[in-house]
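Over in Swiss-Prot, the protein carries these features:
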| type | residues | note |
| --- | --- | --- |
| BINDING | R44 | L-glutamate binding site |
| BINDING | A78, T79, W104, T157, D179, Q202, N244, T245 | pyridoxal 5'-phosphate binding site |
| MOD_RES | K203 | N6-(pyridoxal phosphate)lysine |
Amino acid sequence: MSLYPIYNFSAGPAVLPEAVLRTAQQEMSDYNGTGFSVMEMSHRSEMFLSILHHAEQDLRQLLKVPDNYKILFLQGGATTQFNMAAMNLAHGFRTADAVVTGNWSRIAYEQMSRLTDTEIRLAAHGGEQFDYLDLPPVETWDVAPDSAFVHFAVNETVNGLQYREVPRLSDGMPPLVCDMSSEILSREFDVADYGLIYAGAQKNIGPAGVTVVIVREDLLERCPNDIPDVFNYRSHLNRDGMYNTPSTYAIYMSGLVFRWLQAQGGVKKIEAVNRLKAQTLYETIDGSGGFYINDIHPDARSKMNVVFKTASEDLDRRFVLEAELQGLCLLKGYKSVGGMRASIYNAMPLEGVRALADFMRDFQRRYG
């Protein structure tokens with residue numbers, strides 16, 4: 001047993017609120033007096049339908065989702081949405097646009113290009129322009145007005161990049177399709193600025209196994225009839241999200257997280273905490289005199305995934321090892337980037353971030 005509190009900085013599946021885990025533990029084998037677990041519950045039972053309904057309504061309230069938007073709890077992760085969004089929304093259009101700002105938006109662009117006859121245009125490429133150290137401003141995106149949509153990722157978990165202001169396009173432009181997997185519920189934004197939002201749950205929503213999709217109702221008219229029903233948004237909505245058996249336990253856990261976030265004061269309150277957490281780490285990095293390195297442009301630094309490194313890979317490995325011995329876990333950076341990555345999603349308490357900052361200063365004192 002560790003002598004230190006354990007803080008999980010994993011990029012995903014990620015830390016869950018302690019209060020949520022306690023509730024799940026208490027209800028594990030006997031949900032609400034039923035005598036059995038949610039994992040054993042029929043997805044068509046009144047009990048589970050109530051869980052699903054409350055999860056949807058709580059998410060709608062937290063994000064202020066307008067009435068003309070539908071919410072789905074699907075499977076397959078955000079990577080499935082790379083294809084599903086294009087298959088459903090690009091039908092009948094000559095082009096659709098994509099913005100590449102890092103690892104995941106690059107993969108999305110590549111995947112979208114495979115499964116549709118529509119040409120997927122590059123509206124901007126942060127790798128070519130900035131070597132993934134800055135973000136192409138929205139006003140520089142080369143968007144074709146008659147494109148089916150514009151796809152982008154607002155936060156790049158691997159590269160540690162995030163748009164400071166959540167992007168929006170002017171009226172008359174194509175709808176925005178946004179991968180919000182790693183930042184949804186972390187700050188306020190206007191859902192009405194988007195045509196479709198999707199997010200894998202395993203970062204800011206709940207455990208892996210469910211993917212949230214929020215889609216504007218009029219866009220469902222685009223869904224073609226010649227794609228498999230399981231990949232058709234309209235098919236899922238026509239069956240009230242029950243086209244196939246949903247990820248019942250992951251939805252239940254996500255609902256607990258929504259209730260926890262409401263108890264914290266909602267998205268506005270958690271946004272202020274998230275800002276302070278990120279500020280704490282970036283001030284530690286910038287105040288290290290170059291011992292810790294983060295080359296991201298200050299205006300493009302992620303408040304969810306703080307990436308940094310030292311002057312050598314050997315020292316990086318020592319940092320990760322010694323941090324884990326002090327209860328600061330899963331700080332190793334993504335394999336293609338290296339270094340360290342501290343993922344500080346909603347459920348990461350400020351105390352955990354302060355403990356990491358203290359360790360960083362102590363590590364620098366000993367090895368700097």
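Here the Cβ of each residue, glycine as well, is placed from N, Cα and C on the backbone.
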Structural state of R44 (L-glutamate binding site), classified by DSSP into three states: coil
Pairwise CA distance, K203 (N6-(pyridoxal phosphate)lysine) versus T79 (pyridoxal 5'-phosphate binding site), rounded so that it is a whole Å: 14
Set of same-chain residues at least 6 away whose C-beta sits under 8 angstroms from T79 (pyridoxal 5'-phosphate binding site): I107, Q111
Residues that sit under 8 angstroms from D179 (pyridoxal 5'-phosphate binding site) by C-beta distance, when 6+ apart in the chain: A78, Q81, W104, S105, A108, H151, F152, A153, V154, Y198, A199
Cβ neighbour count within 10 Å of R44 (L-glutamate binding site): 10
Candidate with sparsest Cβ neighbourhood (10 Å radius) among T157, Q202, N244, T245, the listed binding-site residues: T245
Rounded inter-Cα distance in Å - N244 (pyridoxal 5'-phosphate binding site), R44 (L-glutamate binding site): 11
Neighbouring binding-site residues, C-alpha within 10 angstroms of the residue listed as 'L-glutamate binding site' - of T157, Q202, T245: T245
A78 (pyridoxal 5'-phosphate binding site): tally of other CB atoms within 10 A of its CB: 24
Largest separation between Cα atoms (Å) of residues that the record links to pyridoxal 5'-phosphate, namely A78, T79, W104, T157, D179, Q202, N244, T245: 30
